[in-house]
């Protein structure tokens, strides 16, 4: 075997190895590209699924909520399944239930469930949240209904007495001012030129009790 045969053999082996290497790299690139495409498709589907559910089922949820009657239960409970106890309709008087959590009330109706009719108000000219005095009770207007506190003046039923009781309340604030005046008066007595030397003599004489006999009136007892 001549040297030419050896060269041809080496050339053939190297060419075969290069072809095998190119084939393996092509297979790896193809496999990685397929995995990336699958991942992208799965990600796009995952992102689109909540949006599709929201757009397609929002009308169904709101429409089914509008169709419930005042005495009809919900078809099923979202939290506990079919075996849970049914709850009544969330909105009244033609209100629209949005996502099962709050109501959009029509005109002249208010409240959490549109249960209060503003045209049938017990408050008269009072607005929502206003206070008034009615039959010796302090009342507040809440959604067209009066809610009264217990009786404020048990023995008197005159609004003037009720107002007077509140007017005399702040007078108790004058007690601290009187307590501040007492040290000032004592200090003034001490600074006077004719002030006594002993502090016990500062006590007014009106506070000293006189000694009197404890016997019956008309009978004189000597001390």
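The backbone N, Cα and C atoms fix where each Cβ goes, glycine too.
Annotation note: residue 90 (disulfide bond) sits in a coil segment as assigned by DSSP. According to Swiss-Prot, the disulfide bond annotation covers 90-97 (among others), on the basis of sequence analysis.
In the structure as shown, the Cβ atom of residue 103 (disulfide bond) sits within 10 Å of 23 other Cβ atoms. In the three-state DSSP assignment, the secondary structure recorded for residue 103 (disulfide bond) is strand. Feature annotation from Swiss-Prot assigns disulfide bond to 91-103 (among others); the stated evidence is sequence analysis.
Residues or ranges marked as disulfide bond by Swiss-Prot: 105-114 (among others). With a cut-off of 8 Å between CB atoms and residues at least 6 apart in sequence, the same chain places 91, 92, 93, 94, 95, 103, 105, 106 near residue 114 (disulfide bond), listed in sequence order.
Marked as domain 'EGF-like' by Swiss-Prot: 86-115.
Positions annotated as N-linked glycosylation site by Swiss-Prot, on the basis of sequence analysis: 52.
The signal peptide feature in Swiss-Prot is assigned to 1-25.
A simple Cβ count within 10 Å picks out one of the disulfide-bonded residues 90, 91 as the most packed, and that one is 91.
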